[in-house]
Structure formats: structure tokens, C-alpha cells
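Chemist: Let me begin by handing over the structure; questions about it come next.
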Amino acid sequence: MLAEKLLLNVLIILMPVFIQSLFFENKNIRKSPYLCGVFQSISVFLSLVFSYEEGGLFWDLRYVPLVLAFLYGGPIAGGMVLVSYLATRSFMGGDLLLGYASGFLATIVPSLFMKKFWKFDAKKRIRTAVFVGFWPTFVMLVILVANIIINEATAEDTNRIMMNVAIFGAIQVFAVWVAVILNESLIEKEMMRKEILRAEKLNTLGELAASIAHEIRNPLTVVKGFLQMMHKQEKGDNYYYLSLVLTELGRAESIINDYLNFAKPQFEKLEDAELAKLLTEVTLLLEAFAAKEGVQVNVQLEWGVYVKTDRNQLKQALVNIIKNGIEATDEGGEVVISQASAGDYSYIVVSDTGKGMDSEQLARLGTLFYTTKDKGTGLGTSVSIKIIEAMGGTISYKSEPGVGTEVTVILPSKKKTPTEEEPRIDLPEIIVKEA
Ligand code: ADP
Ligand code: MG
């Protein structure tokens, strides 16, 4: 009988979440304490009305709305529910003092966790709520034990009451758990909706910026052409200035190109590109730069592995990643590029012994225009990520400040028989260890 009544109570407890998911889907529970307060107050009222009475004791899930209101709605919602509880309890009569005392006692733990609650992530919130949900059961137990001792209950009565406490405790914790999980899924849905809206906004902005960048590039090319002509003919003072102007113009042009590439990577010519060959070309390209920085580049390759891509795009992505590694590394350090395949995937690992990044920097990496360099653009990594993701690959960073960074690129690839293999190119000054 008790279990039946309590299960009806579970339904009452879950009602607010259902109503919210049906009619107030876009409301953030956290930001609408009054709404939460009203819902949970109705819930506490109904659960008291439908409580199970036995020997002057009322069994119901009144504390669940109290816990939920304090944790999810904060002090306002919690206060509203407490007032509703006290009012309803007064109307019900019986042992009022006990009712009031248990109500106030039950709020202690939830209100202690109230402030910290939203700092936790969803999983920890669920655990916390279930843990806090145990508290009212404990209060109930203490009150009942006190009651048994004072009234000198018979052994039979004591057994029955203890049995009831067990059923009550189990159902109450279950109710809290289900309600919290439903609440969290509502919160997640709301967050996802916001995230989608934000992404859409960014997308529109990005497209707008891309079209402007595109329009700027054309006049820039014309200006650059004429300046180059003037530069060639100039013999006087202006020669030096024109050189400077051309360098800066080149920089502006490459930023615009990078941005356009980020906004829309153009995969013009798809072909089967041999990864080892591509990496060799990239390394050759960066060799002079590495030498200037005093950084040694070591390569370990597996030949005969192919990826379907636009060679220039993948090259661009890898150049950006490797160049970052070289730039982060001090003179005398090294950058190791290793490539190997496993099944349908190829791994390219670029590790450097550079200055590394802390977790905050890692989190910002890949955001447009994030750079820590004087002459950096903060576009390289974003472009690389975009290209690799467009190829159906993934890229991940592991870094430790002062130790170095390891970038892992995973790309879908396939092996081909050696007969189809293209001729290899030699790497004159780079140490090549073949895997
Ligand atoms: P840029 O190179 O123009 O600064 P990127 O998007 O390529 O732009 O890189 C953004 C920032 O990420 C860099 O300024 C640097 O602080 C950090 N970073 C990227 N790769 C590494 C790396 N391998 N080691 C240390 N820091 C790195
Ligand atoms: Mg870079």
C-alpha cells in the first residue's frame, strides 16, 4: 500500500519536468527560479495531498521537490517550496511540530549544496542530487527512531516502521535520480539549441567576411602588379619603401588567402596522393626554414599508403602544423614527423621539443585569429583543422609547457601494391628513418 502511494508520488514529482519539456522547452530552469518554484510548489502540495497515512505518520515524497527546487532553482525557488510545504502541512493537521521540524531539517543539506551545484558538470550534478536526496531519508529515519523511543512502540510496530523507511528511502532516491536525469536532459537540449543558433550566426558572419575578403583580393592583386612594375623601374629613394610596401602587401594577401581557405577549403583536384611522398615534399619545403631556426627535422615514413585528397590542401594543412612545431622549438631542438598506417587509417604524428602549451592555450587553439606570435595571424591551425576535417580525418593535440607538443592527425587511407607505387624522391639533407 505504501509503495503504491509512493509510486503515485513519483508521478507527481516528475510532472514538473514533463510540463516543462512540453510547454516551456526554451526556458532555462536556472534562469527562471519563479517558474521552478511554482512547479515544485504544486508538486509538494500534491504529494502531501496524496500521502499515505499510517498511525499518525505521513509517508510521501514531499522532500524531493524541496531538494530539486533548492538545487536547480536556488534560494528563491527553494524558499517558495518550503513556504508551500509549511502552509499545506498546517492545513493537514496532525503532529505539526514534527512536520515543521522535518521540513526545516530537510532543507539544510540542499541549501548547503545550492551554491556549488551549478559549478559542477552534468554528471556530477546528478551524483550530487542523488546524494543530497539521501538526506531527507536520513532525517526521516532519525525522527522516526526518536518517535519509537519516546512512544515506546512495540517490536512489531518498530519492524513495520523500519520496513516503511526502507521502501520510502529507496523510492525517494529513485525519484530524485529520475527527475534529475530528466532535468539534465532538458538542460542539455536547451544548451544545444543555443549552440546551434550561435553556430548559425557565426556561419553567416563567416560567409560575409569571406565575400568581403574575396572582393578585397582582386584590387589588391592589381595594386600589387603595378607596384611591382614601379619597383623594377625605381632607382631612387622610393626603392626601399616600395620593397617594404610589397612585403606588407604580400602578407595581407596571404592572410586573405588563408582566411578564404578557412572559410571554404577548395578541394579542386581529388587524387590518390601518397602520404610519404607528400610529407617528403612538405619537409623539403620547410627545410630551409628549419635550418634558419636551428631546428632539426626528423622524418619516419611508411611508403605505399595513399589518401584521396587535393594534394595542395593537405600539404597546406601539414605545412601549418609542422611550421608551428618548428616555430615553437628553440635552437638545437627537434621536430619529429612520423607516419604509419593501421587498417583503413593513417597516423601522422608531429612532435616537437618546443615550449608547449598549457590547458588554457590548448583550449583556445584553433579559434580564428588566436596567436601568441608577434607576426602570427592565428589562422594556420584553424585552416589545418578545417582541411583535415573536410577530408574526414581528425586532429588532436597533446602538449606540456616546457616539454613540447604532439599533434596527431588521423586520415582515412588505403594501401596499394608496390607496382602502382610512384618513384620515391630523395631527401638529401634530412635524416629519413623508414618505418
Ligand atoms: P600562428 O602560427 O599564426 O600564431 P596558428 O593558428 O598556427 O597561428 O597557431 C596559434 C597559436 O597556437 C600559436 O601562436 C601558438 O601560440 C600556438 N601553437 C600552435 N602550435 C604550437 C606548437 N606546436 N607548440 C606550441 N604552441 C603552438
Ligand atoms: Mg602557425
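Even glycines carry a Cβ here, placed using N, Cα and C.
What TrEMBL lists as transmembrane segment is 6-24, 33-52, 64-85, 97-114, 126-149, 161-182. What TrEMBL records for 211-415 is domain 'Histidine kinase'.
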Chemist: Using a Cβ distance cut-off of under 8 Å, indicate which of 33-52, 64-85, 97-114, 126-149 has the most pairs with the transmembrane segment (161-182).
Modeler: 126-149
Chemist: Can you tell me which parts of the same chain pack against the transmembrane segment (33-52), counting only residues 6+ beyond its ends and a CB-CB cutoff under 8 A?
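Modeler: Here the qualifying positions are 1-2, 5-6, 8-9, 12-13, 15-16, 19-20, 24, 27, 58-62, 64-66, 68-69, 72-81, 83-85, 88-89, 92.
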Chemist: Go through the chain and flag residues at least 6 beyond the ends of the transmembrane segment (64-85) whose CB is under 8 A from any CB in it; none is fine as an answer.
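Modeler: That would be 13, 16, 29-30, 33-34, 36-38, 40-41, 43-45, 47-48, 103-104, 106-107, 110-111, 113-114, 117, 125, 128-129, 132-133, 135-136, 172, 175-176, 179-180, 183.
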